[in-house]
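According to TrEMBL, the protein carries these features:
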{"type": "DISULFID", "residues": "Cys254-Cys331", "note": "disulfide bond"}
{"type": "DISULFID", "residues": "Cys275-Cys314", "note": "disulfide bond"}
{"type": "DISULFID", "residues": "Cys303-Cys326", "note": "disulfide bond"}
{"type": "DISULFID", "residues": "Cys365-Cys404", "note": "disulfide bond"}
{"type": "DISULFID", "residues": "Cys393-Cys416", "note": "disulfide bond"}
{"type": "DOMAIN", "residues": "73-168", "note": "domain 'Apple'"}
{"type": "DOMAIN", "residues": "172-249", "note": "domain 'Kringle'"}
{"type": "DOMAIN", "residues": "253-331", "note": "domain 'Kringle'"}
{"type": "DOMAIN", "residues": "343-422", "note": "domain 'Kringle'"}
{"type": "DOMAIN", "residues": "430-509", "note": "domain 'Kringle'"}
{"type": "DOMAIN", "residues": "542-708", "note": "domain 'Peptidase S1'"}
{"type": "REGION", "residues": "1-23", "note": "region 'Disordered'"}
Amino acid sequence: MQGRDPPAARRMAQDVGQGSPAPCCMDPMLRRTEFPFSMGHGSRALWDRDILPRGVGIRHSTGPWCSCCAPMCPTEILPHSPGHRSPLNDFQRLRATELLAVSVEPPPPLPAQGTAEQCAQRCAASLACRAFHYDRQSQLCQLLPWTQHSPRIQLQKNIHYDLYQKKDYLQDCIMGDGSSYRGTRATTEKGLRCQHWQATTPHDHRFLPSPRNGLEENYCRNPDRDKRGPWCYTVDPNVRHQSCGIKKCEDAVCMTCNGEDYRGTVDHTESGTECQRWDLQHPHKHPYHPNKYPDKGLDDNYCRNPDSSERPWCYTTDPGREREYCRIRVCKKRPRPVNVTNGCFRGKGEGYRGRVNVTVSGIPCQRWDSQVPHKHHFVPEKYPCKDLQENYCRNPDGSEAPWCFTSRPTVRIAFCFHIRRCPDEQEAQECYYDHGKHYHGHVSKTRKGITCQPWAAQTPHVPQISPATHPEAHLEENYCRNPDNDSHGPWCYTMDPRTPFDYCAIKPCSGSAVPSIMENADAVAFEQCGQRDERLQQKGRIVGGQPGNSPWTVSIRNRAGVHFCGGSLVKEQWVISTRQCFSSCDADLTGYEVQLGTLFKDPGPGDPDQQTLPIVRIVCGPSESQLVMLKLARPAALTKRVALICLPPERYVVPEGTACEIAGWGETRGTCHGQPLLGTMLCLRALSARSLAGGKPEVPAMGSPCWGIPYSIQPQCHSIPLRTASLAPSPWHSSSTSPCNDILLSLPFPAHSIPCPCHSPVALHT
């Protein structure tokens with residue numbers, strides 16, 4: 001024998017006398033209590049005492065005597081499941097994929113009804129099941145006795161299926177001591193080929209394969225829970241056994257910079273808590289759904305860094321602990337920055353290294369190494385790859401353009417949209433409409449960064465879809481396409497032999513084509529929104545305004561039918577409003593509704609243009625946007641009194657002096673003691689004058705003419721949903737408690753170069 005002494009169980013298997021022990025004795029899945037036994041060399045060994053994983057309970061049961069080990073085969077594993085752990089955590093998901101068996105007998109069982117989690121439970125409970133197909137539309141699942149690594153099994157694209165495979169059979173790294181490892185490594189760390197577990201030559205042994213212990217073929221395994229991890233007997237007569245040197249998952253893949261590109265398979269936090277799946281919303285609700293962030297690698301429940309934190313993290317399965325960092329090895333070499341520019345920026349400007357240090361509105365930037373006036377976590381020493389020097393505009397978090405914290409206390413962050421795009425970036429951004437069936441762009445890498453395989457090539461994958469089978473699909477070069485109209489968007493076969501295909505990091509187009517920020521803003525035209533019948537405009541006694549002709553303005557009403565807030569119709573079934581109108585993002589809006597098409601806040605029962613629609617869902621925008629989207633029970637009918645408001649394109653900058661309009665319900669100053677509407681600039685001038693005179697910047701009080709308009713409007717209009725003043729005795733009361741019946745008002749005001757980088761309207765909500 002060569003190398004270290006074998007562990008106790010292995011040595012026992014060698015030294016014990018002839019005879020066939022009960023199968024339970026050699027089943028490593030059955031944990032045994034301490035039982036000393038004598039070894040041939042006078043040593044002493046203990047069965048696996050105190051090596052149970054945390055959370056695994058033991059129930060002793062009677063059983064046959066074992067001639068070779070303990071007096072009884074004692075135990076049955078009781079998996080401990082925290083209240084919010086999903087059975088899907090044990091599986092790795094491949095979208096739009098099925099496993100195709102080539103001449104494999106017997107066939108898998110017929111599909112059964114159930115949710116994906118129910119299917120995972122069934123598969124986990126079956127020793128024969130290693131994967132399952134899940135048909136999302138019919139909610140049928142088919143349990144499978146093989147994985148993509150099984151012989152005579154092929155991965156095949158199928159847009160109707162999702163494939164879930166047990167992680168233990170796919171990963172080429174280990175967790176803990178690797179006793180659950182079921183991979184296909186079959187050579188030792190010194191390169192020796194492993195002996196089949198069924199074979200007894202050149203080395204005799206007693207580790208007999210069973211359905212439970214996973215001793216298949218000649219794959220590396222750890223049936224005796226060796227601390228050094230999986231091992232095997234070798235085919236070299238002079239080397240009985242040897243470790244396979246399989247790395248721990250936290251060391252198998254290292255991370256660079258802050259780990260934004262980390263795509264390893266660590267699924268526990270640094271405290272040992274299991275991660276929550278990204279595609280689930282329990283136990284913690286979160287915004288990082290894989291469909292919304294296809295380029296962030298939010299696979300299964302693996303640690304990732306989608307928000308530019310200091311390092312990869314995850315939400316946990318512990319209801320009392322929302323998220324934690326993960327322990328991942330840092331790569332020794334720092335990667336070279338890509339798309340480095342100085343006088344312009346490419347893409348999102350993450351490689352911009354110029355020295356612009358003022359915002360688009362002329363506000364000086366705050367130094368990155370300072371916490372005044374704004375505290376933040378983008379400390380230069382924690383983000384060494386982001387070049388956070390001085391107070392220069394940078395993009396450390398993957399926003400839409402370079403930005404900075406500002407030196408003005410009332411304006412936290414602002415984009416530096418005045419930095420020009422590089423000339424080669426002037427073309428329209430890559431995006432797709434619908435499912436991307438007609439996408440003909442030139443993206444040729446997947447969301448995981450894998451280069452696409454040319455559509456006409458036959459290696460490393462033999463394609464089902466090719467230019468010959470789909471001549472009309474524009475399958476050119478290795479560009480991402482969607483010839484089968486996959487609902488997940490454009491995809492391609494990949495050059496990675498282990499990844500047959502993957503989806504591309506191309507986002508859906510939103511609205512009309514996105515103009516370059518270098519284009520003339522006056523050329524932006526809105527044809528399908530913002531249209532109204534100008535003949536409906538009327539004159540009236542309104543200070544600085546006129547009776548409203550804003551057919552996109554809606555009245556939001558509570559269960560009592562009382563108007564309490566306003567909004568704007570952005571799609572036939574969606575209204576945009578402000579978050580401060582609602583108690584939370586999970587508010588129960590049963591019985592709430594919106595009214596559209598009325599001139600008066602409390603219209604008469606015979607108003608022919610009125611439409612009343614229930615609210616069925618609330619969706620909050622990004623944390624700093626203060627916007628909410630309200631889904632209606634059914635689409636509104638577009639009429640002369642009901643129309644859609646326009647949303648500015650991404651990165652659109654409203655030119656100074658543009659004629660804008662705000663609208664809301666107010667009093668006509670003829671019958672009540674309300675206050676007149678003031679334009680934004682008038683409010684800002686008044687508030688600025690107070691500040692310059694030595695007063696503190698103030699937030700206007702509810703009921704004042706400038707209520708809702710801050711001391712200094714931020715350069716991101718999405719952070720400031722504009723609101724009107726309280727014109728009637730209170731905007732929260734209906735006409736039943738007031739002699740007024742507020743009328744829809746419109747007020748023109750000049751824009752002051754307010755950039756709108758997100759999809760948000762410069763609209764008024766009351």
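Each Cβ is built from the backbone N, Cα and C atoms, and glycine gets one as well.
Known features from TrEMBL, placed on the structure.
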residue: Cys254; record: disulfide bond; Cβ contacts under 8 Å, 6 or more apart: Ile328, Arg329, Val330, Cys331, Lys332
residue: Cys275; record: disulfide bond; Cβ contacts under 8 Å, 6 or more apart: Asn89, Asp267, His268, Thr269, Asn301, Tyr302, Cys303, Cys314, Tyr315, Thr316, Thr317, Cys326
residue: Cys365; record: disulfide bond; Cβ contacts under 8 Å, 6 or more apart: Asn357, Val358, Thr359, Asn391, Tyr392, Cys393, Cys404, Phe405, Thr406, Ser407
residue: Cys416; record: disulfide bond; Cβ contacts under 8 Å, 6 or more apart: Val356, Val358, Thr359, Val360, Cys393, Ala401, Pro402, Trp403, Cys404
Counting all other Cβ atoms within 10 Å across every protein chain shown, which of the disulfide-bonded residues Cys331, Cys393 scores highest?
Cys393
Given the model, what does the mean pLDDT over the domain 'Kringle' (343-422) come out as?
91
Selection from 73-168, 253-331, 430-509, the stretch that has most Cβ pairs under 8 A to the domain 'Kringle' (343-422):
253-331
Provide the three-state DSSP residue tally for the domain 'Kringle' (430-509): helix first, then strand, then coil.
3 helix, 17 strand, 60 coil
Number of helical, extended and coil residues in the domain 'Apple' (73-168), per DSSP:
16 helix, 41 strand, 39 coil
